[in-house]
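Trainee: One structure, pasted below without further comment.
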Amino acid sequence: MTKFIFVTGGVVSSLGKGITASALGCLLKNRGLSVAIQKFDPYINIDPGTMSPYQHGEVFVTDDGAETDLDLGHYERFIDVPVSKNSNVTTGKIYWSVLNKERRGDYLGGTVQVIPHITNEIKERIYRVARENHPDIVITEIGGTVGDIESLPYLEAIRQMRSDIGRENVLYLHVTLIPYLNASGELKTKPTQHSVKELRGIGIQPNILVCRTEHAISEDMKEKLALFCDIDREAIIQMVDAKSIYEVPLNILEEGMDDIVLKILGLEAPPADMTDWRAMVDRINNPQSETEIAIVGKYVELPDAYLSVAEALRHAGIEHLAKVKIRWVNSEEIEGSSAAELLKGVSGILVPGGFGNRGIEGKIEAIRYARENKIPFLGICLGMQTAVIEFARNVCGMTNANSSEFDVDAPYPVIDLLPEQKEIEDKGGTMRLGISPVKLIESTLVSSIYQDEVIYERHRHRYEVNNQFRAELEKGGLKFSGTSPDGRLVEITEYPDHPWFVASQFHPEFKSRPYRSHPLFREFVKATLANR
């Protein structure tokens with residue numbers, strides 16, 4: 001029977017529940033167990049697709065086209081199992097489903113209530129992941145912090161599951177903070193005690209307590225936590241701040257967390273084989289070279305807005321035994337000064353995805369700087385579209401060329417709305433989303449990089465290269481080296497008269513892994529190392 005692990009958080013938010021769940025999943029998978037993982041987000045939005053990156057960070061896109069929380073990116077990178085639309089559930093989705101059932105008459109005229117209707121729907125979403133994947137273990141992260149009113153239905157649902165399927169099949173793991181007070185030079189356990197007390201008041205007794213801390217926890221403090229929280233001493237796990245998130249699986253392995261999990265759930269499995277993972281972490285900690293790459297965007301004040309892009313660059317650095325230093329450049333600042341001033345000295349320039357007119361001219365200037373100064377360039381989604389606009393304006397002589405997203409009256413709308421998008425008015429969940437095939441053109445840079453004729457990549461966009469201008473752009477020297485299988489949609493552009501200039505409509509960052517970097521990022525970082 002499938003076992004279920006529930007990860008909750010207390011004291012403060014952003015403690016690293018997602019990393020904890022991912023790291024545990026990594027260990028269990030490396031012990032030969034099959035693992036599925038999901039996250040519940042308590043907000044009422046259906047998904048984060050229409051939320052500002054300043055509010056939520058990046059939107060991670062799955063193969064099946066779900067727009068999800070950035071923690072799902074951590075899940076895939078650590079566990080290397082694809083997540084799906086069932087892997088991220090919001091309160092909005094739960095209530096949407098329940099209300100639709102009520103309208104259909106599924107509840108036979110009964111009064112619809114949080115208990116049992118909402119809690120049953122939550123449990124159904126957990127069981128659905130188990131039915132879909134048939135794993136040995138399902139790990140479910142509960143977003144938010146214990147004590148938040150929004151999280152109460154989820155906590156009640158997972159409390160009920162202990163009775164529904166038997167306590168031997170359920171494990172509760174609570175992540176909490178042990179703050180350090182500089183004034184007294186002490187670690188304090190009281191916030192954690194109160195967090196566990198709050199959780200127990202709901203009816204959940206944690207089996208494992210994961211303590212986030214800046215400093216190591218003494219044995220006496222672990223004994224104190226075990227006593228006051230009624231948790232076995234061996235199940236008090238310290239998680240000291242690490243230099244790299246990829247050290248976390250090794251740290252909790254040293255604490256014996258995986259053994260404790262298997263003991264509580266009554267499972268047997270061989271020890272985790274972390275040989276390759278250790279080698280990867282060793283490469284992170286012992287780089288032999290360094291490269292600096294500028295990420296030019298408009299959300300750079302919050303790096304989480306470009307989390308997968310930054311991680312993909314670091315993954316490529318791992319492969320090349322290089323430290324990738326990221327220079328975050330606000331594209332709006334380029335508009336007010338000069339690209340040369342803000343980009344001087346970088347070995348590569350990357351323009352990631354985004355939406356809206358703000359900062360666009362700065363991105364275009366950054367791309368021009370990369371093209372004219374032969375600096376390796378990688379554009380992603382909007383980064384490809386702005387690369388086409390820059391080329392049209394400054395090489396092909398199309399004065400004021402633009403995207404119809406930014407200027408509906410542009411004389412040269414080299415980027416235009418996808419035909420199937422023109423009748424769509426709703427914003428949420430209506431873009432071209434998920435994995436699609438890309439046909440590569442022979443004898444191009446990208447065909448040599450991928451070593452394949454057809455690749456499969458994840459997308460999230462409404463706009464495309466306007467086919468009306470393709471011939472003129474190609475005449476100017478731009479190469480459309482990847483298209484949809486029918487040739488209608490441009491997927492990749494490159495500029496042969498440049499050491500390394502590639503841009504993709506898709507998002508390659510979503511398929512990068514720390515031990516298997518994405519080909520485009522791998523070769524981009526390689527080019528930047530040669531350009532130092």
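Any Cβ shown, glycine's included, is placed from N, Cα and C.
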Trainee: Same CTP site as ASP148, ILE149, GLU150, LYS188, THR189, LYS190, PRO191, THR192, GLN193, LYS224 according to Swiss-Prot: which of SER13, SER403, SER404, SER436?
Mentor: SER13
Trainee: Swiss-Prot has SER14, LEU15, GLY16, LYS17, GLY18, ILE19 down as binding ATP; which of ASP71, ASP80, ASP106 does it also list for that site?
Mentor: ASP71
Trainee: Among GLU332, GLU333, GLU405, which residue shares the L-glutamine site with TYR54, GLY354, LEU382, GLY383, MET384, GLN385, ARG462 according to Swiss-Prot?
Mentor: GLU405
Trainee: Same-chain residues six or more away whose CB lies under 8 A from the CB of TYR54 (L-glutamine binding site)?
Mentor: TYR299, GLU301, LEU302, ALA305
Trainee: May I ask for the distance between PRO191 (UTP binding site) and LEU15 (ATP binding site), taken between their Cα atoms and rounded to an integer number of Å?
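Mentor: PRO191 (UTP binding site) and LEU15 (ATP binding site) have their Cα atoms 13 Å apart.
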Trainee: Tell me the Cα distance separating MET384 (L-glutamine binding site) from GLU141 (Mg(2+) binding site), rounded to the nearest angstrom.
Mentor: 35
Trainee: Averaged over the domain 'Glutamine amidotransferase type-1' (292-532), what pLDDT does the prediction give?
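Mentor: A mean pLDDT of 94 is what the model gives the domain 'Glutamine amidotransferase type-1' (292-532).
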Trainee: DSSP on SER13 (UTP binding site), three-state: which is it?
Mentor: coil
